[in-house]
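Heads up: the structure comes next, in structure tokens.
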Amino acid sequence: MIDPNLLRNNLAEVAEKLKVKRNFMLDTEKLTALEDQRKNLQVTTENLQAERNARSKAIGAAKARGEDIAPLLAEMDDMGNQLTEAKAQLDAVLAEINQIALSIPNLPADEVPLGKDDTENKEILRWGTPRTFDFEVKDHITLGEEANGLDFAAGAKLAGARFAVMKGQIAKMHRALAQFMLDLHTEQHGYLETYVPYLVNHATLYGTGQLPKFGEDLFHTLALEGEQPYALIPTAEVPVTNLVRDVIIDEAELPIKMTAHTPCFRSEAGSYGRDTRGLIRMHQFDKVEMVQIVDPDKSMEALEELTGHAEKVLQLLNLPYRKVLLCTGDMGFGSCKTYDLEVWVPAQNTYREISSCSNMWDFQARRMQARCKAKGDKKTRLVHTLNGSGLAVGRTLVAVLENYQNADGSITVPEELRPYMGGLDVIGK
């Protein structure tokens with residue numbers, strides 16, 4: 001949620017930025033009308049409350065003098081009814097303003113390139129050289145099936161399209177990748193390993209910006225009797241970031257750095273026909289997520305650090321990748337600046353997204369009321385929140401299988417993973 005003061009004091013400027021940079025049309029006439037109503041109702045309720053307080057004192061004085069206060073009490077009742085009605089109208093207007101505010105995307109940072117879609121993203125760097133093969137390259141589907149480790153037919157039987165079953169050495173490598181990532185982030189990058197619920201309530205989803213706008217992207221549960229509805233997490237960013245919801249943090253404790261390995265669940269609404277085969281786009285996939293809660297003056301510096309932590313995973317696995325700064329038209333709803341890391345996938349002869357690292361500025365913090373305060377200060381400030389994949393485990397598995405394949409269909413195990421796989425150096429045939 002962007003700063004409401006910007007909407008009140010710089011509405012035309014904000015609307016123009018949203019139109020140009022986000023292709024978002026803000027209904028300024030409606031918002032202006034609602035804001036006028038809010039101001040009028042605010043004045044009305046304050047005046048009625050002040051008048052009611054004054055009359056209450058007058059009734060007390062009249063009673064002390066032994067006067068008949070019945071007419072005064074009747075007036076008080078009437079004024080109370082007016083106040084109740086005015087407050088109800090004010091609450092309704094505030095709720096409508098809030099709903100509009102919740103639908104507005106974050107404003108991009110000034111350095112974010114203007115563009116309509118991913119074709120206008122800006123490449124920052126490339127690391128590593130894609131391998132040259134002297135044999136016909138197989139995709140991860142073929143490699144996994146030949147190793148008796150990937151079973152998409154079983155996934156379809158158990159659940160449907162966009163599910164897979166992993167077995168044996170492939171399943172072991174998948175687990176090894178997640179453990180390797182967690183150990184790297186906790187032992188070398190300073191993150192606190194965190195275990196969180198995979199089901200969350202709607203307040204949590206509002207906090208990080210999935211609701212109300214992106215409900216169709218989630219898997220929702222039916223509310224059980226006496227319980228609230230839940231949704232399966234689309235990313236560990238949701239529960240981990242919300243750990244600071246409604247919390248005032250001592251600034252001396254910042255930054256707070258947390259990581260979690262969780263399954264993620266996405267409906268992939270709007271992705272019909274895209275990546276229908278393989279592990280690239282699944283309804284259920286594992287991811288190691290990094291979250292930072294930082295001093296609001298240091299979030300851009302933190303974004304570079306966090307992105308570097310994701311890059312380190314790829315570098316240690318010796319997987320070629322490129323780093324891309326997303327343009328305004330390709331950014332996520334709540335982000336003010338995002339880097340994507342794209343790993344080389346030989347069978348597709350292209351780079352594919354494997355990590356997205358974002359500075360959310362104070363967008364999520366305002367929704368969550370996550371604040372910080374320096375010792376001795378009375379005033380609080382909204383923290384800044386950042387998140388990034390470190391990495392998507394399934395897509396990393398895809399990259400390892402394809403980049404480390406051999407002519408006989410076997411896969412060389414990257415050196416960094418061998419301690420997690422009982423010393424195995426080759427899997428498959």
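Each Cβ is built from the backbone N, Cα and C atoms, and glycine gets one as well.
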Per Swiss-Prot, THR235, ALA236, GLU237, SER389 bind L-serine; matching candidate in GLU187, GLU193, GLU289, GLU342: GLU289
Cβ contacts of ALA236 (L-serine binding site) (under 8 Å, same chain, 6 or more positions away): VAL196, ALA260, HIS261, THR262, CYS264, LYS287, GLU289, VAL291
Surrounding CB atoms that lie within 10 Å of the CB of SER389 (L-serine binding site), all protein chains: 27
Mapped DSSP class for GLU289 (L-serine binding site), helix or strand or coil: strand
Set of same-chain residues at least 6 away whose C-beta sits under 8 angstroms from GLU353 (ATP binding site): ASP340, LEU341, GLU342, ARG395
Listed binding-site residues ARG266, SER267, SER356, filtered to Cα within 10 Å of SER389 (L-serine binding site): SER356
CB contacts for GLU268 (ATP binding site) [other CB atoms within 10 A, all chains]: 14
SER267 (ATP binding site) and THR235 (L-serine binding site), Cα-Cα, nearest whole angstrom: 12
